[in-house]
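Inspection log for the structure reproduced underneath, given as structure tokens.
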Amino acid sequence: MKVDGVHYRSLWWNESDAALEIIDQRWLPHEFVTQQLGSLQDYATAIYELRVRGAPLIGATAAYGVAFAMQQEPTDRAFEEAYKVFHATRPTAINLKWALDRARAVVIPLAEAERFPAALQFAHDLADADVETNRMIGVHGLEIIREIAAGKPAGEPVNLLTHCNAGWIATVDWGTATSPMYHAHDAGISIHTWVDETRPRNQGSLTSWELGSHGIPHTYIVDNAGGHLMQHGQVDMVIVGTDRTTRAGDVCNKIGTYLKALAAKANGVPFYVALPSSTIDWTVRDGRKEIPIEERDGREISHIFWGKNAVGEVTEVQITPDGVQVANPAFDVTPAGLVTGLITERGVCEASEEALAAMFPDLAG
Ligand SMILES: CSC[C@H]1O[C@H](OP(=O)(O)O)[C@H](O)[C@@H]1O
């Protein structure tokens, strides 16, 4: 999407330097910082430290990481080392394994001399496919927003609520939960989005930066305000992304999503999940039992990460007593029964095994 009028993807291959460049989103919204990745560790650090984040973007980064590894040493050993290093970075988003497994199928059957160009082309194709997939999620999600708009009094916006950032900066472009917002806004439908700050890493600040850059009216709120707003009829629909959705429609997403789904159910507010099929894990059914939940560094909670202080310096501040015990599960699982619908690149379906198998008969197995 556009940053100060200039179109960007969240990552791109620098042809002249033959290296991947990323937007280091830790510094957003205060500073726009890019980084060229020059080692296997650079790729792994970028994923673990959330310099790049969001399931589809993590997958795309890993695909380019495999290309980098084959550029350095096109051997089976080097591939398996890269697979192991990247797979160990973050356990929950399934796109990481999805991309690595597909890269393996492309690379390993080839002669060593063919591996780098083939791996690079695979990464390019994956990135391009992500853009089109997310655009189609927007096309299908637009119709849901259009239908809600038709039922609103003239001049009143459709009020959406989103949690975390499932925006263009969490994918290669368009985003998943934000793509329907961009499409509705661009179609002239009046929308307003309640943006959950999303403690502890405050990815809502990224969503605010994105929506503000596109001119979409929005209001930044604390995570605990969503239920109150739904109780008072101020939310027409909730739309979020996901890091891994099971074949039965259980949705794993940023911590706090489950609580939003409970509040939505209690208040009759439709709760939609926007996702590419690459984020469906067809090997699991019960999300609560089978999806590994990443436990991240407690410092993300005891400190506010990269805020701007009174003199404009971007810094980190401690907000808890020294040495406080912290628990930091990064995701939770929303059972399919709390999900109104899944917005995919092929259309909208119920969050059920039957509906997903009918939408993706070629993938369900
Ligand atoms: C389009 S996937 C976005 C998804 O990823 C985020 O997690 P993280 O910021 O830790 O990578 C969050 O769960 C979003 O919904």
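Quick reminder: no glycine exception, Cβ is built from N, Cα and C everywhere.
Because TrEMBL annotations are produced automatically, they should be read as predictions rather than curated entries.
Quick caveat, the model's predicted, so the values are computed rather than measured.
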So TrEMBL lists R53, G54, A55, Q203, N253, K254 for substrate; which of R9, R90, R288, R299 goes with them? R90
DSSP output for C164 (site 'Transition state stabilizer') maps to coil
Using the recorded substrate site (R53, G54, A55, R90, Q203, N253, K254) as reference, state which further residues of the same chain have their Cβ within 8 Å of the centre of those residues' Cβ atoms, listed in sequence order. I58, A93, C164, N165, A166, A170, G241, D243, A330, F331
Under DSSP, is G54 (substrate binding site) part of a helix or a strand, or is it coil? coil
If you count, for each of the binding-site residues R53, R90, the other Cβ atoms lying within 10 Å of its Cβ, which residue has the minimum? R90
